[in-house]
Amino acid sequence: SGESGAGKTESTKLLLQHIMNLCKGNSQLEQQILQVNPLLEAFGNAQTVMNDNSSRFGKYIELRFQKNTVRGAKLSEYLLEKSRVVQQDTGERNFHIFYYMFAGLSLEEKELFGLLDPSLYRYISGRFGTQDVAQRWKQKYQEVCNALDMVGFQEQEQVDLQAILAGVLSLGNVTFEPEERNGSVKVSEAARGWLKAAAVSVLSQLVCCVPCSPWSPSVSCCYLCADARDSIAKVAYGRVFGWIVCKINELLAENVDPEVELSEIGILDIFGFENFAVNRFEQLCINLANEQLQHFFNHHIFQMEQAAYKEEELPWETITFNNNEPILNLLLAKPLGLLSLLDEQSAFPQATDKTFVDKLNSSFKGNLHYQPGRGRVLGFSVIHYAGKVQYAATGFLEKNRDTLPANVHGLFINSITPLLSLLFKGKSLYWALVMLWFAGLLTFLCPHQHSLMMLMERMYSANPHFVRCIKPNGQKEPGVVDSQMVLLQLRYNGLLETIRIRRDGFSWRPSFEEFAAR
């Protein structure tokens, strides 16, 4: 764990290499485990203002051993930041793979996928980059192609994959305009070429069945259609990423007798705590995950350890630490925690981001870890364990619902692109949960929360070791240490108290049997 840009992903890669080296790392499987990384980084990482290669998803890598030999591995992914596909803030980029494609595809291939100059695409923000950067992206594209071959993607699957990515980019340029005669909406004339390039007839059919506001029907319809367009792009990319992870797991699955008991080492590499100029729903999810990991760390390092000393009746002066349980209660308590209130509002069709913020302000009045928004910006602040973060509330309800219109889902299933049809045929757990909720059998639970619950269950069932990554400076510069920035991280991570408990505590703890034998 650690801040965004502190070196978690690089540390994970070094840990994996070290473990493979200890296993003598010659088997094909061990090499494959190391080689899938370029694929995950290309589709799951992006440049942010804090980190040029920031993981925009969490990954948990399980390595399964039999007699010190790796027999299999499994990858689980959490909370992919799908919104990055359709929107990036100043100084940030979309997922790496889009830039790699523009740099690595030949002119003939670009023509095949209908790709034009990258500066024309709304979903690709900022300048494309210098010649040196483009050359590096070209090499990265080749690494991705090699990894796709190694993982076992068929040639047609790779073509379909690139066609979907190109279609997503073209889809972003589809715009809408009101029909003069009946107040409905149509794809604007200037965007018809982009709709054709996207090879998706979803939007042209969708506009016929989007409900319009009686107050300003044409304007509302245009907004609703633009939201639906972006939802399609996000869902398509998310399904592609999930499919890649499934293919990787097929490749790395253990081939042993089911009755053979395997030992396991798991490595969690999750996005770090984030505090940007503008913080959205995604940052709340990321910071909640970090808040839970900090609580997990406190539980193991302080609470469990000091309870053991007390049980052994050892002379011990209790070490206090910054307990972040009140912050977790603010976020997770039921029925009046922040996320419970968000789910409640998400269930009401008439609710808006403003009614949600009003509900928060009335529910958390006087709470030391919550502050109402100031000025005209619709938002609120949470005082996290790592500091105060101000969240912009616009889009919270829509992102929490994370739904796709049913008619669009059906159009995907009937797509002429075989891969796109395949990606939408399976019924996901989320849709099953939604059906139960509509039947009145289940409290509304968004996919983000379900993902976090599963992750924390895994953490608490394990015997953990903590690797705390410290970010040396905020300028992304090598060889520069900002002492104040480092000290701040040591403080809020609880590392100063950890040093004290290690110094004053009992570091070597043999079992009674081992002690008696000695």
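Yeah, the Cβs are placed from backbone N, Cα and C, and that goes for glycine too.
Checking TrEMBL for region 'Actin-binding' across the ranges 153-175, 245-267, 452-474 points to 452-474. Of all the binding-site residues given, namely Ser4, Thr9, the one with the smallest number of surrounding CB atoms inside 10 A is Ser4.
Within 8 Å of the Cβ centroid of the ATP site, not counting the listed residues Gly2, Glu3, Ser4, Gly5, Ala6, Gly7, Lys8, Thr9, the chain contributes Asn51, Gly272, Cys469, Lys471.
Neighbours of Glu3 (ATP binding site), defined as other CB atoms within 10 A of its CB across all chains, total 24.
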